[in-house]
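Colleague: My structure is below; once you've seen it, I'll send some questions.
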Amino acid sequence: MPNTSTESVNTTISSQPASTAPKNTATIFNPAKPAQKQSTSQADGTQPYHHKANHNQNRSIAQSGDATVARTAASDAPVQAAPKIGFVSLGCPKALVDSERIITELSRDGYQVASDYDGADLVVVNTCGFIESAVQESLDAIGEAISKNGKVIVTGCLGKEADKIREMHPAVLSVTGAHAYDEVITAVSQHVPKPKRDVDSHYDPKIDLINEAGIKLTPSHYAYLKISEGCNHRCTFCIIPSLRGDLVSRPIDNVMNEALALKNAGVKELLIISQDTSAYGLDLKYKTSFWNGMPLKSKFYDLCQALNDLGIWVRLHYIYPYPHVDKVVELMGEKKLLPYLDIPFQHASHRILKAMKRPAHSENTLARIKAWREICPDIVIRSTFVVGFPGETEEDFQCLLDWLVEARLDRVGAFTYSEVEGAVANALPGHVPEEVKQSRYERLMTLQQDISAQKLQEKVGKTLTVLVDEIDSAEGIAICRSYADAPEIDGHVYVDDISAQVKVGQFLTVTIDEASEYDLFASYQG
């Protein structure tokens, strides 16, 4: 089982504008969303566990095509017919960023992005391979693309298992691994030659209007910014280093150039991602670069300071609780970053953490959390946990429950442990029966649900700044997020009685009227 804050399961939202988002039955590419203030109880009367343990960013061929059109179709100028490439993207935000980069390069080469299999000259499937369910989902997506189109290129994390892919789907044209941008572009051009561009003809908005930030598969008001690739840790449940290699950080000037380009493209919120964000720059020996005429070290703290100066929301994901994170929390206390930390603690039992070989497992995390809240009282902490890890006893699990009671985290997701081919933990003794894993999962999430409800109830009567993600015009509701809510994994702030002037990507100041287990309900007097 990999770093559980990056796993892929069947949960994501459409990347289409809210006004055109399909209302059909929920699928992995279009899950159902709870309506405002309606009961979300399940048939047995319990509440579903709304906070997700993953950052899944699945995009269907239609969503990839529609998002690309939304970013590039800004002119009615005539364009030459160009070959169309379909794109299916599975997995975490880091994989989504890989897909965005490939689509951007293909578009700059003159290709268009198809919105359906029939209209595509070829289909690229960016796969996920972190856990068995993700592997199966990727293999199914490849099979669907072959049956509905016939010309398929495979890339992404599962690409490391090329023999497995070719054995099951011998018709695939090419298989490459994760972040193999050039190889994918080359494979596409081999099977569907690049269109020839006449320099004397009208400009092509599909090419000329691609801004420096590139094409994004997220809504236009937020974007993921990947600052490094790979990981130096060797957690026993994880195979990420074998899929994506050791830590490779981008130079800070390169990161900041992209961040500024995203801001200039209208992005209001940057979500900083990597496999180990707080280790940023370690491999570069914190090399100094120059950006905007100023020297900057390729170092986590220095990057956070520079990003803050952009004047937009900056949200940090995948942080390990190293001591130097304390200085970044000080920036949050000074209102220089969103006071939000996504930290995959994974467990609380020292025995289990040792078996997992987690970094910083010996840290007194409860003391650190207390210190962070003293520095920044508004800080929101989200985390993920693994239950049923090999060797986990009832005593270990109770240790985790006791830890959660004391920690009172704001956002929690959990996984039951599952084997991943190639993971060291597979060989550990004491595997926990499936029914015990599931029971522990439900006990943990029920406990945390009560904590979440208490934490959100404390927000009632307060004034918050929220960012509008979607608008339900028929109901007069804006579906928003506060600083405490990362997109697609945390809760929402539902705002009543909005005016016609309220738009997606706008900031609103609202008053919180009610709270549920995971969401807030607010009023707006604009």
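The backbone N, Cα and C atoms fix where each Cβ goes, glycine too.
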Colleague: Can you find which of Cys128, Cys231 TrEMBL lists as binding [4Fe-4S] cluster 1 at the same site as Cys92, Cys157?
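Modeller: TrEMBL lists Cys92, Cys157 binding [4Fe-4S] cluster 1, and from Cys128, Cys231 it also lists Cys128.
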Colleague: Please report how many Å separate the Cα atom of Cys92 ([4Fe-4S] cluster 1 binding site) from that of Cys238 ([4Fe-4S] cluster 2 binding site), as a whole number.
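Modeller: The Cα atom of Cys92 ([4Fe-4S] cluster 1 binding site) is 15 Å away from the Cα atom of Cys238 ([4Fe-4S] cluster 2 binding site).
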Colleague: Take the domain 'TRAM' (457-526) and average the pLDDT across it for me.
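Modeller: A mean pLDDT of 94 is what the predicted model shows over the domain 'TRAM' (457-526).
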Colleague: Just to be sure I understand, if DSSP states are collapsed into helix, strand and coil, how many residues of the domain 'MTTase N-terminal' (83-193) fall in each?
Modeller: 56 helix, 21 strand, 34 coil
Colleague: My understanding is the cutoff is Cβ-Cβ under 8 Å with a sequence separation of 6 or more in the same chain; which residues meet that for Cys157 ([4Fe-4S] cluster 1 binding site)?
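Modeller: When sequence neighbours closer than 6 are ignored, Cys157 ([4Fe-4S] cluster 1 binding site) has Gly91, Ala95, Thr127, Cys128, Gly129, Phe130, Gly177, Ala178, Leu243, Arg244 within Cβ distance under 8 Å.
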Colleague: Counting other Cβ atoms within 10 Å, pick out the least crowded of the binding-site residues Cys92, Cys235.
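Modeller: With the binding-site residues Cys92, Cys235, fewest surrounding Cβ atoms within 10 Å: Cys235.
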